[in-house]
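Student: Attaching a single structure in structure tokens format; questions to follow.
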Amino acid sequence: MSPSKESDELIFFVNGKKVTERNADPEVNLLFYLRKVIRLTGTKYGCGGGDCGACTVMISRYDPISKRISHFSATACLVPICSLHGAAVTTVEGIGSTKTRIHPVQERIAKGHGTQCGFCTPGMVMSIYTLLRNHPEPSTEQIMETLGGNLCRCTGYRPIVESAKSFCPSSTCCQMNGEGKCCLDEEKNEPERKNSVCTKLYEKKEFQPLDPTQELIFPPELMRMAEESQNTVLTFRGERTTWIAPGTLNDLLELKMKHPSAPLVIGNTYLGLHMKFTDVSYPIIISPARILELFVVTNTKQGLTLGAGLSLTQVKNVLSDVVSRLPKEKTQIYCALLKQLKTLAGQQIRNVASLGGHIISRLPTSDLNPILGIGNCILNVASTEGIQQIPLNDHFLAGVPDAILKPEQVLISVFVPRSSKWEFVSAFRQAPRQQNAFATVNAGMKVVFKEDTNTITDLGILYGGIGATVISADKSCRQLIGRCWDEEMLDDAGKMICEEVSLLMAAPGGMEEYRKTLAISFLFMFYLDVLKQLKTRDPHKYPDISQKLLHILEDFPLTMPYGMQSFQDVDFQQPLQDPIGRPIMHQSGIKHATGEAVFCDDMSVLPGELFLAVVTSSKSHAKIISLDASEALASLGVVDVVTARDVPGDNGREEESLYAQDEVICVGQIVCAVAADSYAHAQQAAKKVKIVYQDIEPMIVTVQDALQYESFIGPERKLEQGNVEEAFQCADQILEGEVHLGGQEHFYMETQSVRVVPKGEDKEMDIYVSSQDAAFTQEMVARTLGIPKNRINCHVKRVGGAFGGKASKPGLLASVAAVAAQKTGRPIRFILERRDDMLITGGRHPLLGKYKIGFMNNGKIKAADIQLYINGGCTPDDSELVIEYALLKLENAYKIPNLRVRGRVCKTNLPSNTAFRGFGFPQGAFVTETCMSAVAAKCRLPPEKVRELNMYRTIDRTIHNQEFDPTNLLQCWEACVENSSYYNRKKAVDEFNQQRFWKKRGIAIIPMKFSVGFPKTFYYQAAALVQIYTDGSVLVAHGGVELGQGINTKMIQVASRELKIPMSYIHLDEMSTVTVPNTVTTGASTGADVNGRAVQNACQILMKRLEPIIKQNPSGTWEEWVKEAFVQSISLSATGYFRGYQADMDWEKGEGDIFPYFVFGAACSEVEIDCLTGAHKNIRTDIVMDGSFSINPAVDIGQIEGAFVQGLGLYTLEELKYSPEGVLYTRGPHQYKIASVTDIPEEFHVSLLTPTPNPKAIYSSKGLGEAGTFLGCSVFFAIAAAVAAAREERGLSPIWAINSPATAEVIRMACEDQFTNLVPQTDSKCCKPWSIPVA
């Protein structure tokens, strides 16, 4: 054989164009290369860890053996460019654009209202596009699997799924209630349209068809390259790492002998994360992706041999094919593997992660290794000394030195045997989320019986997620051999395993009791599964099994969500050109879908631009003894290090410093920043800054700590009505308790982003920032630099999600960057990594609510005394406003005649918490709903009856003495009861629960009264600038910021109506403090209200100027009138202004008319829980919302759905975990789980109530951006109802309050049974726990 040649030339294609790189840097990933090198910015950075899908691209390769081209999606943030030799990459720009033509996927996701902020949209588009390249008519299951690796924080997924579903060969709909016609295609005649309810948000028939022949062809040059000899070693040398990709097995083995410590990389899904988050680098990395022997598939009578290089998707496809061809008794192991592969990671990760990498990494949460370990699988390994076989058993998985690969050995393939007739294998896993989440605990279990008996001859049980490695219950298994498979064996096995499978207190990951309970619960499920199969083989030989028990073996199905959205159609007499009230597509929808929408970090890098990385505190409360940045300053590419000493003006606001100076008050506080010529260099240098601390006591982390040390921010707030103490004495019953609500991360898809560009004279600066409040950012930067605000111009084109998290924080971060820009005299780009964003910026306030309720036996509440404590973190931020709002809105929909509410903000050593969608209402009203449920349980009454009994019924006054009319509240409630068929379904739930022991359903209906607005009058003002050009085109600028909530779309609609011109004439450029100064924050659901009035005012001014010209020439065109106005020297630009509602609260008197109006609503949700694992399935949700006269029903319904799913996450999924020292563990989607596409309700119906006038807002509309968040608690209380049903059946006492979020752990441990009782309770006093609740 001729010696292998060496080449340093990397060749691949991007969107049909050839890319050639010599000595490519192995540490450069595809995402960076696309965005910063070849300037394709449609692919977005969302997390950097492959978990969010924002950077999804399609990769295509040609296989010279099969002569086939494969297409697969991948997350570009984890793909090293060196791995792309011979590949074709397709990005969102490559499939369509507004400059050429848009692709059907792009069109449908945009016109189907599947975009809001648009940051996740390119990734969604590319996931769907790749699926269609492989399956032009996909199944619904394929769509759900495909989208499982993509996250969206705005839409609630329903419109995205619906857009994708339009490509299925047949889509389900209501069929006109059985008439056999599609509701989306039904046209109504004019008389029927008058005052009718519409259910069509877009015209499906307008979609262009999918034509697979029009896609990009695979480059012929790459086909020729693949056909050529593999006798080439590719070598790419970077700054710190050399990448070597051999072409033959001999070359690979020689390299591994020469570099035994060099890691092997194919998918980079493990090593990439390890290198990124630990800053570990390897001198040599070897890529065996071109070694044909690693991709072998051999199927014999003995079993399957699977190449170690096969991706998990390829393994899944192979196993599916084999299982379809063999009898079930031979495929037990294969079926178990398939079950795990369906939910292991997201589709993009499964497409690139290799089987061998999954095995060799030996991660404790590996889903496949426990099955392979009990399946007598064999590892075929090779070295220069020859081939060797290593058993893949518990010793290998535990890392026993004699049982694992030697450094010079390479895993070639894995042999997975077929199962025998009397062999039974099962797999189990429970994760925080159904898809794309590491398992909390998983297991592989196998039993072999003596032929035709139930006598155990072999037993194997392996658990993942219990210890530092996959662990075996080997001792228990050996003791059970020879026993019969019966209940006595099960009881003994549970006790043995509970004793053997130990989990120390404070074990990493926490949840010690829950994890041990899962281990035993899985054993019981295995027992039932095997018993069921034995019974199937011989119905007479084995005892009957109650159907009430067998239901636990049914996994929650992966079903596609569907629903109906209904709203009031516009009057049939309304001109077609008038867009108000119509479901108009998001103004930037197409640009979102094509990747052409420009976000802050998409802007081109200027010559000399520097990148900023911050150094944050590692201590919660400490004195800074010394700071040594000398090593960082000497690092490659570093220009400067910026500290508090460099701040020329104010170093922050109130108690919040830009740069910590003498003391740090939380983990994550910015101490200094490194400016370098690349982000990588800045990051690497930042890690070299040495800071010496001295701890300061006390360290306050939790609300309880704050209460102990009386550590508060601001005064106690209090509201009271009636005579509370007297009413308590008259009550039949009194109930006291407390409830805890965890915090929530904003998780906007675009992390905090800012660019600061010094203009070179008069200290002027342009600031491009992702902010809800450009004027506040301008003010903070000006104060920091000690210059007037007129030298600072803030630009906000669009924001990739905000939810309150980009109101005050961007001002702080922009100021940090501005100091660096002024010091260096160069442009600064400061984009937070997801981990840093979550660490630094805070989120929703965790809450402790204490309540005392006095009520009558019929459920009527006479008195309530409620005390709220929120964890504000280390600085005030907006915390005082949040507690005020929580108190003002706490009563929700209920008239409690004697009510006292008090609230305090606790000052702790956590990062400062801040504004979040709902602003205190989701926390405060949750406490009230907990009280309602507790009263219902105590009185043994239906919860809905207690809620109805206590609701406002007539015009009345709130606890802060503001009058309101509850008519629409009651209508929403009644409509929700009717739309959801509540009482019929409640009966069905009861019947379901009677038939099942281990699965229970619950249903709950929750009303809502949401007060819209800010607490001060000055917030209700806005300005706009409308300019008409001589060609008739119109440019609109206003003070609101496009966050994804559709404000720009609505402003164009307003201008279109007022100017009586088509929307196509109107353009919005950006929000800028030059065009519209002194703006207020875009938030509190008022953005469209106030800015719409300002745009309306400006347009009316212009129309009044044009009025004489129009009267003189009534038959003229818009263009003619505009030109004539110019000829007559009439100004064609106008500033509109709106001064709105008077809103002031007198806390001394406890009263104030502070809210312009109320939004009413109701939601009914049904869930199903698995009592053995704690998993739950959201079956159906019906929402009715009072939106008055919606300006844009598509936008408003999208806001309701997105807010609801965000609330669903708050109350059931999203859990921030802190160490006792105040360190946030959950710093990315890897650990922190927001709702994914499989978490939303199977049926998801949203109805806008029949409109009624609302004179306080433009066109009688209402702001609906926040209200739906709280309605997510309907899922929580449905879960609570299901748990209550389980506890009642077990003879347990009711639980008055379940803490939020109702995670799988909370659900499982509340459903107490014989298995939870086996697990000894941990004593938190004996040692420090791994994590603690902070409220």
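Note: Cβ is positioned from N, Cα and C throughout, glycine not excepted.
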Student: Quick one: which of Asp251, Asp367, Asp394 does Swiss-Prot put in the FAD site with Leu264, Val265, Ile266, Gly267, Asn268, Thr269, Tyr270, Leu271, Ser354, His358, Leu411?
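Tutor: Given Leu264, Val265, Ile266, Gly267, Asn268, Thr269, Tyr270, Leu271, Ser354, His358, Leu411 bind FAD in Swiss-Prot, the matching entry from Asp251, Asp367, Asp394 is Asp367.
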Student: Can you match one of Leu658, Leu949, Leu1043, Leu1059 to the Mo-molybdopterin site that Swiss-Prot gives for Gln116, Ala802, Gln1199?
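Tutor: When Swiss-Prot describes the Mo-molybdopterin site, the candidate it includes is Leu1043.
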Student: I'd like the per-state residue tally for the domain '2Fe-2S ferredoxin-type' (8-95) from DSSP, helix first, then strand, then coil.
Tutor: 19 helix, 33 strand, 36 coil
Student: Quick one: give me the count of other CB atoms within 10 A of the CB of Cys47 ([2Fe-2S] cluster 1 binding site).
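Tutor: For Cys47 ([2Fe-2S] cluster 1 binding site), the count of other Cβ atoms within 10 Å is 24.
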Student: Within 10 Å of Gln116 (Mo-molybdopterin binding site), Cα to Cα, which of the binding-site residues Cys55, Cys154, Leu264, Asp367 are there?
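Tutor: If one measures from the Cα of Gln116 (Mo-molybdopterin binding site), the binding-site residues that come within 10 Å are Cys154.
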Student: Residues other than Gln116, Ala802, Leu1043, Gln1199 within 8 Å, Cβ to Cβ centroid, of the Mo-molybdopterin site?
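Tutor: Residues close to the Mo-molybdopterin site, other than Gln116, Ala802, Leu1043, Gln1199: Cys117, Cys154, Val799, Gly801, Phe803, Gly1044, Gln1045, Gly1046, Gly1202, Gly1265.
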Student: Do any residues at least six apart in sequence from Leu264 (FAD binding site), in the same chain, have a Cβ closer than 8 Å to its Cβ, and if so which, in order?
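Tutor: Same-chain residues close to Leu264 (FAD binding site) (Cβ under 8 Å, separated by 6 or more) are Lys256, Ile286, Ser287, Pro288, Gly356, Gly357, Ile360, Val410.
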Student: For Ser320 (phosphoserine), what is the secondary structure state per DSSP, taken as helix, strand or coil?
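Tutor: Going by the DSSP assignment, Ser320 (phosphoserine) falls within a helical segment, counted as helix.
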Student: Residues with Cβ closer than 8 Å to the Cβ of Cys154 ([2Fe-2S] cluster 2 binding site), same chain and 6+ apart in sequence?
Tutor: Gln116, Cys117, Cys120, Met749, Gly801, Gly1044, Gly1198, Gly1202
Student: Rounded to the nearest Å, what's the C-alpha distance separating Ile266 (FAD binding site) and Ala802 (Mo-molybdopterin binding site)? Just drop the number here, would you?
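Tutor: Their Cα atoms are separated by 36 Å.
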Student: Under 8 Å Cβ-Cβ from Cys55 ([2Fe-2S] cluster 1 binding site), six or more apart in the same chain: what's there?
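Tutor: Listed in sequence order: Leu31, Thr43, Lys44, Tyr45, Gly46, Thr75, Ala76, Cys77, Gly123.
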Student: Given the binding-site residues Cys47, Leu1043, Gln1199, find the one whose Cα is closest in space to the Cα of Asn268 (FAD binding site).
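Tutor: Spatially nearest to Asn268 (FAD binding site) by Cα position is Cys47.
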Student: Averaging the per-residue pLDDT over the domain 'FAD-binding PCMH-type' (236-421), what integer do you get?
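Tutor: Reported value for the domain 'FAD-binding PCMH-type' (236-421) is a mean pLDDT of 96.
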Student: Taking the Cα of Glu1266 (active site, proton acceptor) as the centre, which of the recorded positions listed as Tyr270, Ser320, Ser354, Ala802, Gln1199 lie within 10 Å of it?
Tutor: Gln1199
